[in-house]
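J.: If you look up TrEMBL, you'll see C:7-25, C:37-59, C:80-100, C:106-126, C:138-155, C:161-177, C:234-251, C:257-276 marked as transmembrane segment.
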Amino acid sequence: MTQLPQSTERKLGLVIDLDTCVGCHACVIACKGWNTENYGAPLSDQRPYGDEPMGTFLNRVHSYEVQPEGGAAQTVHFPKSCLHCEDAPCVTVCPTGASYKRVEDGIVLVNESHCIGCGLCAWACPYGAREMDQAEGVMKKCTLCVDRIYNDTLPEEDRVPACVRTCPAGARHFGDFADPESNVSRLSAERGGMDLMPELGTAPVNKYLPPRPKDSWDEDSVLAPFLEPVVSDAGGFLGWLDKQLSRLPGDTHREER
Amino acid sequence: MASQPKLDLSTKVSDEIRQTTCYMCACRCGINVHMKDGKVAYIEGNRDHPVNQGVLCAKGSAGIMQVNAPSRLRAPLKRVGPRGSGEFEEIGWDEALEMAAGWLEPIRRTAPEKLAFFTGRDQSQSFTSFWAQNFGTPNYAAHGGFCSVNMAAGGIYTMGGAFWEFGQPDWDHTKLFMLFGVAEDHDSNPIKMGIGKIKARGAKVIGVNPVRSGYNAVADEWVAITPGTDGLFILSLVHELMKAGKIDLDYLSRYTNAPALIDPETGLLLRDGDDKVLVIDTVTGALTPFDQKGVRPSLSATHEAEGKTYVTVMAKMAEKYLDPQYAPEAVAERTGIPAAKIRKIAAELARVAFDESFELDRSWTDFRGETHDKMIGRPVSMHSMRGVSAHSNGFQTCRALHVLQILLGTVEVPGGFRFKPPYPKPIEAHPTPHCKATPDSPLDGPHLGFVRGPEHLALKEDGSPARIDKAFTWENPMSAHGLMHMVISNAHAGDPYKIDTLFMYMANMSWNSTMNTSGVIKMLTDQDETGDYVIPHIIYSDAYSSEMVAYADLILPDTTYLERHDCISLLDRPICEADGAADAIRWPVVEPDRDVRGFQTALIQLANLMKLPGFTNEAGEAKWSDYADYIVNHERKPGIGPLAGFRGESGDQVGRGAVNPDQLDRYIENGSFFVHHVPEEASYYKPWNSAYQDWAVELGLFDAPQPYLFQLYSEPMRKFQRAAEGHGERQPPEHLRERVRATMDPLPFWYPPFEDDRVDTSEFDVHALTQRPMAMYHSWGTQNAWLRQLHGTNPLYVPTKLWEKHGFQEGDWAHVTSAHGTITVPVAHQAALNENTVWTWNAIGKRKGAWALSEDAPEARTGFLLNHLIHELLPPKGDGLRWANSDPITGQAAWFDLRVKIEKTDAPAGDQAQPAFPALKSPVGKGPNELQWQVGETE
Amino acid sequence: MHPATSVILFTTLSGVGFGFLAWLGVDPSPPTGLGAFWAFTLAFGLAVGGLIASTFHLGHPERAWRAFSQWRSSWLSREAICAVAALLVMAVYAAALIFAGRHLPLAGWIGAALSLLTVFTTSMIYGQLKTIPRWNTPLTSALFLSYALTGGALLSGRITAAVMLLVITALLQFTWWRRGDSALAESGSTLGTATRLSDRGTVRSVAHPHSSPNYLMREFIHVIGRKHAQKLRIIALLLTAALPILILVFIPAPTVALALAALIHLAGVATARWLFFAEAEHTVGLYYGLR
């Protein structure tokens, strides 16, 4: 049913830390591997060994540059997958009811056996989170690994999305945003979690932590702490050394000055 | 609301999990291979594994596409067309091995050095070197020489251990992490995990790199250094720190050779009759061996004897580094780093090391018998890899970096840099090189090692190089990893001699693993006046249809990493962490569906065919039938074998113990790895910590405790320098004398990269670099169907200044010209880049016909190699000599010295990057046009 | 947006088909017998043909029946229902005219309303999308309805109405383009809001996630065709309005004039529809640094 639930019991989603992501694409491929083998049709690849290879991916990492006024440019790696919006426009446009937002946890899913592959949901999504599988003709999207997070056959610590489990830098966090005490709610609150394109009113559940301020040492206004010279030449250094060494006690205490 | 579909959310993920070790790169993480219907269904990280603790990178997760790649070789191949044509005939293994033995056996019996056996990206070097040693050839090495030997040798000569994967920052305690150069290619997951830990705490990362990509993207402070000037920058930091007295005097006094006394005549250190370094004790004022109980070595004392005044290494360093040539203002222009920023970084290093120092409440006892009740943290850590090392001044730069760490007292202390077993290990614990080839006999010892002076050079009696790659000669005396990049060039030139058979493994020497690709292709196919190939026989082993396959006469097809036995051994390059010794295995989680054999098994079978000495028992029978047999049953020393875990008949012995026939099963039960933890009191100060030394002896890492001092002053280097000054029996030839004297400075210094002296730097005013993307390691595997979608093209990234200067637009092309050649390539704009540097992803460019790719694949069309611009020799200077484009100390290939000029040009026809080569005939055909991969029953 | 042939055909043909049906429904003296047969065959042929063409871009057309279920939220579902309802009602209306020679004005008016409602629902499929600011305006519905009525007027032989509607459509189309050209900028969505990085500097895409174009880029970013957009706009206006008007005014034979004008107009509509898609910028393009 493509009407959105009034509210969901939980709001499961991701926090993605842009200050930590090194752009290694581990999440992209773990997602590809898991979702090729699990929920729904495999994620196909067209021309996998040819010109313009094109596969279905549910998570992709962009690379951006930010050029501050006058300072050094910054590089930001930017993973992007479904944000499981509270007001998900992709759901309401679906003519068949294949797209839906789960009442119990807010995950936006596609029921592939009802999907006619019209592509309208992908058009309605501002973020490029939905991709039509070219071999299967159905819409694919991030399931938040719904077949992992509740899976009794997996050890409890593995009941997280594949991208979160694999992220080497720990830049991805999974949890319930409806619970203000959850890891994701707290991280988002502490580090200023952001919505993408808030002006579109989609109310994304996933939050992005902004990169911390960078290159503050380049700013002339910041006074560099001055390393007070104790000597100016080698001879002076040895004299200073003598003085220091005579102050070094014989045991474990250290003094560097 | 209508009801939602009911989902079965607890479907079984797989029939079975088989745990083995990843080999999508040299990181070697533990993986859970999920199997369905006997096939690989999904790969994830093993949470219990010491290396990756459950995480896995893009490469690891894409392993399924590697195991099923269409480019996999299917059977041994015999060349039937001319070399380079790619025309082969599939043959059986018996024929293949007999063919190889037919070439090798005669040279073994007459002149074993006529075999050059170089094993590329091999990680079983303790085994392959054993094979080569028993064959008797001195010509063996892996690929370290063109990779990062400067980093390895610089670390080992200075502090008895290196970065690579042999050490790690103390991620849990460090407060400032400083990263030099491109480092994404080794120890990849542990470093990413470490950066994650640092970031979670909000600690700072400084990135020193001309390119702000990868780890440098998350660096809080970016230092956009000019390539090749890292040494200058580091020594400027040293200058500032020494001038401000912000160095750890206690640490320097106790644990380094800073208090050692230098003989003013010889430049060697003052030693006693037992060859122990002597110091002046501050307590007694007496000259005494450094390691005596209660001795507090003086950093500033002088010693008068025989009319000579001995001064300390520390004094020598003060003299050298307080010189104004290292002042921030003096180096700012050359390094491209403002003086104020250098000062700020020095100040921060000092502040964090000393003002944010902390104590761990752990007592420990040092080698002098002194017990310390606390471990004192210096929470500054550093890491570096190829970036700073792949320069002709790389060795001295790596040394400088370690000297900086040591001056701050941040090595092997809480919050600093920590070694992983089997390191730390002094130079004295390493073998020296051996090169004496005797017909029908094994070599006189291990090939590679660490020279202590000219007496260990691999020279023949007439002074000519004993090795085909000229490792351990005056051209590069400390070439601990050999010089794989010089083998084909030297063999072709017959310099120092001709060879008969070139035998290589996992090294794409006709493409991206070589400098001067076109030239090397010519050398591989060159014929003499009689029509014979100049390099008569070439045997190559690879699992995939790489570019090199076409240039061999005989191909021994290897398996993929999930189809084989391997051991990641403490005798070799293990998977240890700072808190534990660990090793691991691979085992065939799937059986090959092709007529292929693991390379090591093929080597054993070849050895058995030739009845090589170490492989044959006294009764003349083969000792081992395959690699698994060798892994379990080989003993390097009694009780010590390739694997340290589950030894002894009942499998309960660690490190030392009898052969356990069930050892591999025990490993498999344990997730294919074994870990033995370092006791808490042994976890820091390892080179000097008695508890660690005893633990290491017990484990069999070495036979007796071997505490040592960090070598700020490198005596081995001084010995070479002294020879160049005219002392001793072995002295460099005249044309090298001045270079050896200048570069073998026992204290780190900086000199401009050699290429700068040979080309007009105002014409070739741009630095050109490469790096591998994190999602695609060295191209030792195939073009993976998933990963090649991430990086299937490689533009030349151009900084804003040059972008605007040349009026480039997106989609434009450029001629890039070096002293050696020109390439025509697509360009892209990158602002976060040193303003005089361009770069591209390495080894994305592929030759048409290779890797089972279609000929219009982007890799073979717009993809390109920078290798065409880099020669293995420096531009000639008119003396008729061949000067290697390598570090003069270690022979490390100086990839990153490259200087180019760029100019805008029209896109070539068909957007075909230049130079383009004719397509190779594929021995495996082409990959399918669509993949809809799913194994097992679909739900 | 990728200008898919199936969708251009669909909106062009069924638009004019339903427009024609609407005119037939409200005609106080509609044709009967054979005349009605040919008229309704053409109208149904266009409407149904368009609808069939629209299924060509479906991944699973055999499940198309499911599209009737979500009328409460989905304009596409509403369109499916309206289209079928319109066709059914008009089928009764047509059958009465063809076979019984009877005129059922109420059925005609209801059928006409449903036909226009169908065109409106089609327009809302596009007009509702906030992700494509160029489309996200009530003008899109006005434009679609205007095109449908114009084409219908031409086919139903109403020269005066057709000329007036041609002028209105041309003005609407022109206005729609003008508004559209600044729509993305005025929507406020930028790479800066897409990444939320704009507070620290100018954001640009330095590398796409994958080095070859993916589904999203092929579907949402159509850079190549836009190079000729201005020329195509002139051609579209000439074909949709200027030439048909000239033909209707200056060619004396009304049947020939109407047929020629209708054909040229349809070609114009197809051109305008190609531009409708090809020029549309989706917010996904922002993430790729492209439009």
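Glycine is no exception: its Cβ is also placed from the backbone N, Cα and C atoms.
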J.: Using a Cβ-Cβ cut-off of under 8 Å, list the residues of the same chain that are 6+ residues beyond the ends of the transmembrane segment (C:106-126) and lie near it.
T.: 11, 14-15, 18-19, 21-27, 30, 47, 75-76, 78-79, 82-83, 85-86, 89-90, 92-93, 96, 132, 135, 140-141, 143-145, 148-149, 276
J.: Can you work out which residues elsewhere in the same chain, 6+ from the ends of the transmembrane segment (C:138-155), have a Cβ less than 8 Å from its Cβ atoms?
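T.: For the transmembrane segment (C:138-155), the far contacts come to 11, 15-16, 18-23, 42-43, 116, 119-120, 122-124, 126-127, 161-162, 165-166, 168-169, 172-173, 175-176, 179, 240, 244, 258, 261-262, 265-266, 269, 272.
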J.: Using a Cβ cut-off of under 8 Å, list the residues of the same chain at least 6 residues beyond the transmembrane segment (C:37-59) that approach it.
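T.: Here the qualifying positions are 4, 6-7, 9-18, 20-21, 24, 30-31, 83, 86-87, 90-91, 94, 97-98, 115, 155-156.
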J.: In terms of Cβ proximity under 8 Å, which residues at least six beyond the ends of the transmembrane segment (C:257-276) contact it?
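T.: Residues 3, 8-9, 11-12, 15-16, 126, 135, 147, 150-151, 154-155, 157, 159, 162, 166, 173, 225, 229, 232-233, 235-241, 243-245, 247-248, 251.
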J.: Could you pull out which residues elsewhere in the chain have a CB under 8 Å from any CB of the transmembrane segment (C:80-100), counting only those six or more residues past its ends?
T.: 14, 18, 21, 24-25, 30-33, 36-37, 40, 43-44, 47-48, 51, 64, 67-68, 71, 107-108, 110-111, 114-115, 117-118, 121
